[in-house]
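Noted in TrEMBL for the protein shown:
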- 1-27: region 'Disordered' (REGION)
- 1-20: compositional bias 'Basic and acidic residues' (COMPBIAS)
- 54-71: transmembrane segment (TRANSMEM)
- 54-187: domain 'EamA' (DOMAIN)
- 83-104: transmembrane segment (TRANSMEM)
- 116-140: transmembrane segment (TRANSMEM)
- 146-167: transmembrane segment (TRANSMEM)
- 174-194: transmembrane segment (TRANSMEM)
- 200-222: transmembrane segment (TRANSMEM)
- 205-337: domain 'EamA' (DOMAIN)
- 234-254: transmembrane segment (TRANSMEM)
- 266-285: transmembrane segment (TRANSMEM)
- 324-343: transmembrane segment (TRANSMEM)
Amino acid sequence: MADNAGKEAPKSDPSDMKEEGTEDTDDLAQQFDGVAESLKGVTKNWSELKAAEGIMAAMFSGVLITVASIYTRLAGDQGMPAIHAIFMNELMAAIVYLPIPFLLGAPITGNTWTTVIMLVILGVGRMIAFICFFVSVLYIPPANSFVIRHGIIPLLTASMEVVFLRVAPSVAEWVGIGLSIIGVILTASGRSWLKEDEELYLNILGNMLAVISAFGLAGLIIMTRYLLKTLPIWTLLFYIKLIGIVVALPLLFLDPPFTSGMNYDLSYYLVAQGFLYTVGIGIMFHSLTLENASTVALVKNISILVAFVLERYVLHIIPTIMELLGAILVIGSTTVVAIVLWFKKWKEQRNR
């Protein structure tokens, strides 16, 4: 016992402690490096998805509004007058979007009187364009309305974008626009030779309304893109929906009275079209905060494919060969341009 008490405890070598501490630090550093690499990979993947967000939003909004137009056609087949159906769309959208600026504290007035006037013009012009479009789907197949409208819009949007926004479309966009116009011509003339005199008149009227709606929607996209530079998206939606109700309400008295009576199917069609329209409009405005106006107009053409499928299996309308060729040109050009634009944007973000 005495011998043990007299002996000193062996001293630990400081170098050994240093080596142990270094090993622990190295292990911890490696763990942090692994986490950092994982986060870097996730961030990179998120950036790639973010690059396509505007394009995907434009496509998705087009699909939603396409399905809404099919429900409008079904409601019309049940005896619902066109303006009544459009009013239901505006009413549901107004219920959703009018309170949002007050809830989020967004301004409900423009920065200047010029901005306010532009908001009023935007609201009235959009309403006229959508009335023309939704009435056109009652006179011609809905897919034809989409081919005509979305085939013309990219040309009009690109032209207005050059004049007012000083943004020149790319070569790929111009090629897509040219193919879209050829597709529109084929589609508009694809059913004329099948019609009798009265049906031919309604067919021509439907085509004209689709063209008018294209001019209105092109102006809507350009003006919206311009106003979103200085105003929140909720301010624009507030004005558009408020003016939509103000314009649509008196038009109800010009429409033939609805005498068929409500039933379950008609109620479902009206609610479904209003819901899809409301969500589609909001997503379309979101896409305009991320992409050029001509890009949004062009990639929305993918909704034509959805229109033809629903038209065939829901409305039981068989398209003609010329209509199919026109749609293929428009859809093909849209797909190619969307891929080219996404790849270009993804490459730019990757090189940053």
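Backbone N, Cα and C define each Cβ position, glycine as well.
Three or more CB pairs closer than 8 A are found between the transmembrane segment (200-222) and the transmembrane segment (116-140), so contact between the two stretches is assigned (pairs 6 or more residues apart). Stretch with the most C-beta contacts under 8 angstroms to the transmembrane segment (83-104), considering only 54-71, 116-140, 234-254, 266-285: 234-254. Along the domain 'EamA' (205-337), the predicted structure has mean pLDDT 84. Outside the transmembrane segment (234-254) by six or more residues, the chain places 83-84, 86-87, 90-91, 93-94, 97-98, 100-101, 104, 106-108, 110, 119-120, 122-124, 126-128, 131, 224, 227-228, 281-282, 285 with a CB less than 8 A from a CB of the stretch.
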